[in-house]
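Single-structure report; data block below.
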Amino acid sequence: MAKRQLNRRQNWRIEKIQGERAARAAKREQHALQELEGGDLGPEQLGLVIAHFGVQVEVEAQDGEGAGQVFRCHLRANLPALVTGDRVVWRAGNQGIGVIVAQMPRSTELCRPNNHGQLKPVAANVDLIVIVFAPAPEPHPNLIDRYLVAAEHAGLRPLLLLNKADLINDENGPGLHALLEVYRELGYPLLEVSAHQGDGMQRLQQQLDGHISVFVGQSGVGKSSLVNSLLPDAGTRVGDLSEWSGQGTHTTTTARLYHFPNGGDLIDSPGIREFGLGHVSRDDVEDGFIEFRDLFGTCRFRDCKHDREPGCALLKALDEGRIKPQRMNSYRSIIASLTEDSY
C-alpha cells in the first residue's frame, strides 16, 4: 500500500504536537533535576555512559566505593549531547539516581547528520568500527564504502565482518567471494563468521579484545546475534528479516556498551539502513578511497571530474584494472550524493 502523503498543514500540526510533547517532557525532567540537586549529592567522580534513554543515561561508576555499579543519571541543561561511550563527571544522589555535571574530552566520535542536516554523534571514544554484512540482506558495496569513508574521517580502524557465513551457497557464493576479494586486495582486515554456528567467533573475539568497538551495518545482518554469541549474558533481542522487504527488523533501540571479560568494550548500535555522508567534504571522501589517493592531482585537468575527461588518472587506472569498477561506482555515487544525503 502506498504511503499516504501529508500536506503542509498536516506536517506542521504533527511537528507542533511533537514539539509540545518534547517541551512537557523537558519540563518534567528539569523539575526532577531541581529536586535532586536540592537534596544531598555525593562528591564528583568519574563515570562511563553505557546507555542513553532520551533525557536520562545509564552511567557506570569508574572509581570510588561504587566502582562497576550502574546508576541512572539526569543531565544538566548546559551539557552537550552525550552518547554511549562518553566519559563523564557525575555525582550520586538519593535512591540510586545521579546527576552528570561535566563531559570529559572525547578521543574520537562517530557522527552522522540527522533529518535536518545537523551532525549527531552516535558513539564516543571508539577506536575500532566493525562493518557487518551478510549474504542476506544482500550486501551493497556502496554502503560498505560509505562506512569505510566514515571510519577514515573519524580516525577509526575498520574491520570488515561477513556474518552468517553458513548461508553462503552456490547461488550467492561467487558474488560474495568477488566482493570480499576487492577489499582483501586493498589490505582491509576481513573475517568470515557465523554467530549461529559459532564458526570464526574466537578469531573475532581476539580482534575485539583490548579495543572499544562499535558494530555498524544494515538491519538483519546479525549484529544482535553477534553480541549474544560474544556476550551470552547481554540478552540482546534478535529480529528476523522482514518477509515482505527482505530487510531486517530493528531490535536494538538504543546504543549500549558491553564489557569483554579479557578487556575491551563493544557498543551495539541501532541498525542503520542507509549511511549518508552529508557531513564530509569531497576531500574527505577521496581520503576514504585509499587506492585513489596517489592518483588525485595527477589528472591532465585540475578540475577533472573523473567522468569522461581525457587524461584522467582514475579512468586510466580503471582501464588498467588498478581500480575496480565496484569501487569507482561507489566513489561516483558518494560524490554525487554529498549535497543531498539524509538519514
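Residue numbers in this text run from 1 along the chain shown.
Each Cβ is built from the backbone N, Cα and C atoms, and glycine gets one as well.
Feature annotations, courtesy of Swiss-Prot:
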type	residues	note
DOMAIN	116-275	domain 'CP-type G'
BINDING	N163, K164, A165, D166, G217, Q218, S219, G220, V221, G222, K223, S224, S225	GTP binding site
BINDING	C299, C304, H306, C312	Zn(2+) binding site
| note | Expressed in Å to no decimal places, the gap between the Cα atoms of K223 (GTP binding site) and H306 (Zn(2+) binding site) is 36
| Closest to G217 (GTP binding site): which of the binding-site residues C299, C304, H306, C312, going by Cα position? | H306
| remark: Closest by Cα to S219 (GTP binding site), out of the binding-site residues C299, H306, C312, is H306
| task | Just jot down the residues in the same chain as A165 (GTP binding site), at least 6 apart in sequence, with C-beta under 8 A of its C-beta; none if empty. | result | P135, E192, V193, S194, D199, G200
| query | Hey, how far is C304 (Zn(2+) binding site) from N163 (GTP binding site), Cα to Cα, in Å? | reply | 39
| task | Please work out which residue of N163, S219 has the most C-beta neighbours within 10 angstroms of its C-beta, and give that one of the binding-site residues. | result | N163
| message | Using only C-alpha positions, which one of C299, H306, C312 is spatially nearest S225 (GTP binding site)? These are the binding-site residues in the record. | response | H306
